[in-house]
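Asker: Before I ask anything, here is the structure I am working with.
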Amino acid sequence: MAKDIKFDIQARNGIKRGVDALANAVKVTLGPKGRNVIISKSFGAPTVTKDGVTVAKEIELEDPLENMGAQMVKEVASKTNDLAGDGTTTATVLAQAIVQEGLKNVAAGANPMDLKRGIDKAVEALTADLAKQTKEVGDSSEKIKQVASISANNDDMIGDLIAQAFGKVGKEGVITVEEAKGTETHVDVVEGMQFDRGYLSPYFVTNSEKMTADLEDPYILLFDKKISSMKDLLPVLEPVAQSGKPLLIIAEDVDGEALATLVVNKLRGSLKIAAVKAPGFGDRRKAMLEDIAILTGGTVISEERGFSLENATIDMLGTAEKVAIDKDNTTVVNGAGDDKAIKERVNQIKAQIESTTSDYDREKLQERLAKLAGGVAVLYVGAASEVEMKEKKDRVDDALHATRAAVEEGIVAGGGVALIRAQVVLSKIKTENPDEATGVKIVSKAIESPLRTIVENAGGEGSVVINKVLEGKKDFGYDAKTETYVDMLKAGIIDPKKVTRVALENAASVAGMILTTECALTDIPEDNAGGGGMPQGMGGGMPGMM
């Protein structure tokens, strides 16, 4: 396909228009008084959301050059969402601010490579300062509630429920979000286990919207070797198929003819089935398979124990109320194992934790213990309508990710204040040349943008508030909800440090790429206007027939 080639200012301006189009749509959602965005769908009701990444993912622009800019900033939002689970709007706002300031300087003759080096140095210094500002969350359910409430758009009820869920399953437990049958939102704790292995083929997916394979009341086959041949599996498959129940296969690997046949049977609908790799490696894999066997009331089919796959019977299979599998994880809920056997296994792992001298082994044993004893907390989100349910579920997902990030890396003052406080370290950075120093100044100005946007969305004047916050010390900041100046930590306006850090790093990374772009290639659309007509000679005599 032919390419349209744009250079220099023409390329950068086109990309900037795309960046602005996407960022302006996303940033209206930032802060306690941020607004909703309504997204039209080709079928069904429109989606109403206040989640930055949901808005970003829907945006495709007509102009190919502008669309390139939009897609690059979309990458900032989705990468931040993948790593931190929240902070997507902050990341987008930061990226737009760095691009805006940077392009002004490039147009004025600054060297883009030096600017990028300055930007990278500034981000490194800010990240180090954020680490100094961080306070640990520990087991404080009050702090967990505050982080969750803010991330759920100041919804205290969601904050309470997430704090409750963390209280029940602990940091190591697994928390999932489901749609409730009624209008009530509540937390249920279900005994269960999650491990980090996803489905072996996307053809096993049963829910194409979420890309998950959900098996209700399945049999679970546990095998410690690779399965390549279908004939080994047939003795077990036949009675399972007759029972009409789904089957989950957990083995070292399933490949070749065996995997192909399972996929074909799943697609034909003759067998509800999914296969995942066994978690862990070596001896740890054997131990984890045994954990799953005890939890589900099954037996690990292992040649070491004298069992072989072709002689396996349906009695050796475990069962569970439900198994949910996505591309990365498998969650087994309400395994049918014997409570006494599970308790004995838990005590055995606790004894191993006490006797081990290796920190790594201790960590892995604690993970296994949490999976056996911690259980799964399910947050059921209820609402009066489907549209409200989806919007609320998005907020609960955000809040949950933010809370995990806070538990992992601690918290800093929220509302954009942590970045403003970190600004002072930028004046101490040693730079090689004036353009590098300009790169540092670009970041210094850009990190004011989250607070500025929060204030403007609340109807205030950004510059006035920023100056007032700069005059204050430590956690002094602006509460846009009440439009007053407060101590952010005492007022419970806090952000996970991980979210702020990841947003800043991703924004600077993509903005740096845009600033150092000198040439953009886009496809020239082919003109298909004459493509489908008749050959010329055929149409010539038609008018005379009238």
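Just so you know, glycine gets a Cβ as well, placed from its N, Cα and C.
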Asker: Swiss-Prot has T29, L30, G31, P32, D86, G87, T88, T89, T90, G415, D495 binding ATP. Which one of K50, K393, K474 is in the same site?
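Answerer: As annotated by Swiss-Prot, T29, L30, G31, P32, D86, G87, T88, T89, T90, G415, D495 share the ATP site with K50, chosen from K50, K393, K474.
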Asker: Using Swiss-Prot as the reference, determine which range in 337-357, 421-441, 526-546 is annotated region 'Disordered'.
Answerer: 526-546
Asker: Can you give the largest Cα to Cα distance in Å, as a whole number, for the residues T29, L30, G31, P32, K50, D86, G87, T88, T89, T90, G415, D495 that bind ATP in the record?
Answerer: 17
Asker: Should G87 (ATP binding site) be counted as helix, strand, or coil on the basis of DSSP?
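Answerer: Assignment for G87 (ATP binding site) reads coil.
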Asker: Which has the fewest other Cβ atoms within 10 Å: T29, T89, the binding-site residues listed?
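Answerer: Least crowded of the binding-site residues T29, T89, by Cβ count within 10 Å, is T29.
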Asker: Using a 10 Å radius around each Cβ and counting other Cβ atoms from all shown chains, which of the binding-site residues G31, G87, G415 yields the largest count?
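Answerer: Going through G31, G87, G415 one by one, the largest Cβ count within 10 Å is at G87.
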Asker: Determine the Cβ neighbour count for K50 (ATP binding site): the number of other Cβ atoms within 10 Å of its Cβ.
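Answerer: For K50 (ATP binding site), the count of other Cβ atoms within 10 Å is 20.
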